[in-house]
Amino acid sequence: MAATAVFGRRARRPRQRLAWGSPSVYFVALLLIGMMLAPVVYIILGGFRTNAQITTDPAGWPSPWKVNNYLDVLTGTTFWRQVFNSTLVAVFTTVGVVTLGLMTSYIIARYRFRGRGAMYSLFAAGLMFPLTVAITPLYVLIKNLGLMNTLPGVILPQIGFAIPMTIIILVPFVRAIPDEIQEAASIDGCGRLGFFWRMVLPLAMPGVITVGILTFIQSWNGYLLPLFILNREETFTLPLGVQAFASQYSVDTAKVLAFTSLSMIPALLFFSLFQRRIVGGLTGAVKG
Amino acid sequence: MSDTQHESVRLAPDPSPGLTTVGGDTPVVSPPAGRRTRRGIGWPARLEIALMTGPTLVVFLSFVILPVAMAAYYGFFSWQGYGPAEDFVGFRNYLLIFEDSTFLAALRHNGIIVVLSLLLQGPAAVLLALLLNRQIRGQTLIRVLIFVPYVISEVVVGTGWSLMLHGDGVVNAVLGKIGLGWLQSEWLSDPKIAIWTLMGILTWKYIGFAVILFLAGLQGIPEELTEAAAIDGASYWQIQRRITLPLLGPTIRIWAFLSMIGALQLFDLVYIIWGQYIADTAGTSTMATYMVANGRTAGEYGYGNAVAVVLFVVSLVAALFYQRFVLRRDTEGAITGGRN
């Protein structure tokens, strides 16, 4: 059956492929991008309209363009305080995850001791423990530690839950560093810790950056953990802030849209700065 | 770089380096890690090990392992979240969970979401990846743009979509404008439609991730294979069906695994959009939203923990089954292929 199909089409196919290939591919690609971006564009444009405009014509263009909504959000303190909180949480989480993850990966990858395999298995098993399962007791634990309504109460668990993936990604990086380099370094008088600082850190940098970016974006967008831990408004991170703002100003759609689109900007900015790393890192991670 | 990472992800479900030497024969490939320090470890090395893994172990054990263990423990108590848990109730919480039709509905919704995610996103993402894998201009830009929804936080996505989808929102307005007024609906509150609305939003948010993964997988397929097939006279679709798709298999199976676990744990989007009428009115509740609504919000922490344990066991069983019957050939290859 396959053979007849092959013979039947043999002559025509290659030419045909070139002929219809390009325009329809571009068309589908454009359609796809349109569908992906339309909601984002709608949210951003909606912020430039007034509530009256939105009510009379939900699908209209801003006319005239109003910047009041954006100015209101940007001149208030709420938005900036939440940006500050989110930044603190994301930066400390990322630095913590990368530091702890790289040190532990170095030990697992290049030291030989009893319990090494067990340690790796323990961290790998951590992938099976999602935050959703642990959240209720975690809340109790954080409360008992007196960390409710504090940013460390969010940062520490976030580090814990990001460690398994970090170690899984970083151990092969550190292991791939040739032994010859370590031998050469040791001949030149560089100890194991010196080797870690001078060689492992720079050589594992691509992996570290990929892990760091993924952790940062995940922390920036995190919702469940802050929802449980942060109940006071002055400790809110951006996702909680967006939700609180949306329910507080539920009648002021335009303002909610403005707040929402402003809160997207940092993640989008961060993503576009490092998109090659993210897409590239995933490309490496699951190359089939 | 890419090869080592690739290996790591395929091995991820298995505790690899320790067990490769334990299981089966003696290690065929001696792990490169050992050579430097094999002379035996002295006290300095032990100190280094303790100092460099200690903090990680403390954070990981106290904030990941301990809470999970606590969940298993408190699940046997009727407990309101303060003071010591004293009211031991055995398996009563678990009986209550499985007698509660609300939970069973949530479980069913999770099942529907798992199946629909695979059926809707999988084929669409494969087709899109095949399409975008062709030589076209602006390929990088397209990749970045379809990844944008994935980067936006669930809260923003939920808030934005609920504003767009409510009765007087832009979606119904656009439908009216282009003459499809009969399609206008209560997208969020009509229980017959709500779960499809949810699937639409989920697909929008997560398909970019699938496409990027598949594109990455496609780029690992050697061009010689498709070229040889083309020379032998295979049509474009025959090449895709007989060569590309089978070789993309491992990537698809890993994506399906991630998608399945994600769908079972689904919380953020549902809670943000349907938070106010979470029970079962709109037919979108999930096990995780049920857990939060009946655990923390209701102040029944013992019960909430029992739900967490059920959620964990359901995910674990699903993951084990999947690994046993679907992922097995991939991971087997990875283990027996050895590390080099």
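Including glycine, each Cβ sits where the backbone N, Cα and C put it.
Caution: TrEMBL annotation is automatic and unverified by curators.
Taken from TrEMBL, the feature domain 'ABC transmembrane type-1' applies to B:107-322.
As annotated by TrEMBL, region 'Disordered' applies to B:1-36.
Annotation source TrEMBL lists transmembrane segment at B:49-74 (among others). Beyond the ends of the transmembrane segment (B:49-74), by six or more residues, the same chain brings 41, 85, 301-302, 305-306, 308-309, 312 to within a C-beta distance below 8 angstroms of the stretch.
The annotation transmembrane segment is assigned in TrEMBL to B:111-132 (among others).
Listed as Cβ neighbours of the transmembrane segment (B:144-164) (distance under 8 Å, sequence separation of 6 or more from its ends, same chain) are residues 128, 170-171, 188, 201, 204-209, 211-212, 268-269, 272-273. If you look up TrEMBL, you'll see B:144-164 (among others) marked as transmembrane segment.
With a threshold of 8 Å between CB atoms, the same-chain residues lying at least 6 positions outside the transmembrane segment (B:193-216) that come near it are 109, 112-113, 116-117, 120-122, 124-126, 128-129, 132-133, 143, 146-150, 152, 154, 157-158, 161, 165, 185-187, 248, 251-252, 254-255, 259, 262-263, 266, 269-270, 273-274, 282-284. If you look up TrEMBL, you'll see B:193-216 (among others) marked as transmembrane segment.
For the transmembrane segment (B:252-274), the residues of the chain that approach it from at least six positions outside its boundaries are 9-10, 110, 113-114, 117-118, 121-122, 125-126, 154-155, 157-159, 161-162, 188, 194, 198, 201-202, 205-206, 210, 213-214, 217, 282, 284-289, 292, 311, 314-315, 318-319, 322-323, 326-327, 330, judged by C-beta separation under 8 angstroms. Here TrEMBL flags B:252-274 (among others) as transmembrane segment.
Feature annotation from TrEMBL assigns transmembrane segment to B:301-322 (among others).
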